Structure formats: C-alpha cells, structure tokens
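See structure below.
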Amino acid sequence: MILPDHKIRKEILIEPFNEKSLQPAGYDLRVGKEAMVNGKFINVEEEGKLVIPPKGHALILTLERVKLPDDVMGDMRLRSTFAREGLLGSFAWVDPGWDGNLTLAFFNSSEEEVILHYEERFVQIAFHRLEEPSKNPYRGIYQGSQHLKLSKRKIR
C-alpha cells in the first residue's frame, strides 16, 4: 500500500518539511546543499544552482533528511519536467530503517545544459508499507548521511 499525504505527514520524518512538497501520494524532495558534476564538487547553497552539461553526470544531495520506520520503504522517481529536458535518474530503493539525506545520480542525455536550483523540487518519493516490519532494517554504510556520499564499493 502506498501512503497518502496525511499518513506521510504523520508517519514519515522528513526535515525540513515543506508543505508545498507534499503530494497526494508522495513527497517532492528538493536539491540540497552539495553536488558533484563530472567529478567536481559544487556548493549548491553558495552557488544557488548547479549546471549539468550535455552528456554530463551528477550526484546531488537532497535537502531533506528522510527517516523511515521498519515497515516502510521509499521508491523515487524523477519529476517529469526534468525528464522532458533529457535528465535521467538512477535511484535505489530507500530501505526500511533508512535515516539520512539521499545522494542521487543523474545523467543529462540531451544536447543542452540542465540547470537545477538550490531547494528546487526534483524527485518525488512514494512510501510503500510492507506487510510487516523488516527483520533486518537498513543499518548499512550510508546510514546517517548528511553530506554527499560517493561510492564505497571496493574495486579490485
């Protein structure tokens, strides 16, 4: 079951919470303070925006911290405005028990720059209730993230 707006407001910790971001069946996450575009760190809060060049790759931190109970998972989708501009997003499930800001990956498939502004709504997250609480909620290496996180995968 996907949680409706009133249950999201009551059951999911999102901070800072923005009433304009609350949707009938989800919440619009906003561009946070940090990003990395083609390997270069950007202080989005200071710059006011980030620019993803054509065929460019970006990691973007969400403004919001999201904390999920052990019986709820998150599923994220790029807002259609950005898909229409050629932006593609690759997002993992947000596991039950997750707590932190999210680092999300994007690719600009277009021939034009895509500009995202600090605090702009860019990804919607929907919350799905599990049949029962997870016996093994997320407690992994990215738990508690407050800053942009690069891959912690070990390459041999």
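Glycine residues also receive a Cβ, built from the backbone N, Cα and C atoms like all the rest.
Of the residues TYR138, TYR142, Swiss-Prot puts just one in the dCTP site with ARG79, SER80, THR81, PHE82, ALA83, ARG84, ASP95, GLN124: TYR138. Here the Cβ of THR81 (dCTP binding site) has 11 other Cβ atoms within 10 Å, regardless of which shown protein chain they belong to. Taking every pair among ARG79, SER80, THR81, PHE82, ALA83, ARG84, ASP95, GLN124, TYR138, the residues listed as contacting dCTP, the largest Cα to Cα separation comes to 33 Å. Residue environment of ARG79 (dCTP binding site) contains 16 other Cβ atoms, counted within 10 Å of its Cβ in all protein chains.
Cβ environment of ALA83 (dCTP binding site): no same-chain residue six or more positions apart lies under 8 Å away. In three-state terms derived from DSSP, TYR138 (dCTP binding site) belongs to neither a helical nor a strand segment and is classed as coil. Taking the Cβ of ASP95 (dCTP binding site) as reference, residues of its chain lying under 8 Å away and at least six apart in sequence are, in sequence order, LEU68, MET73, SER134, PRO137, TYR138, GLY140.
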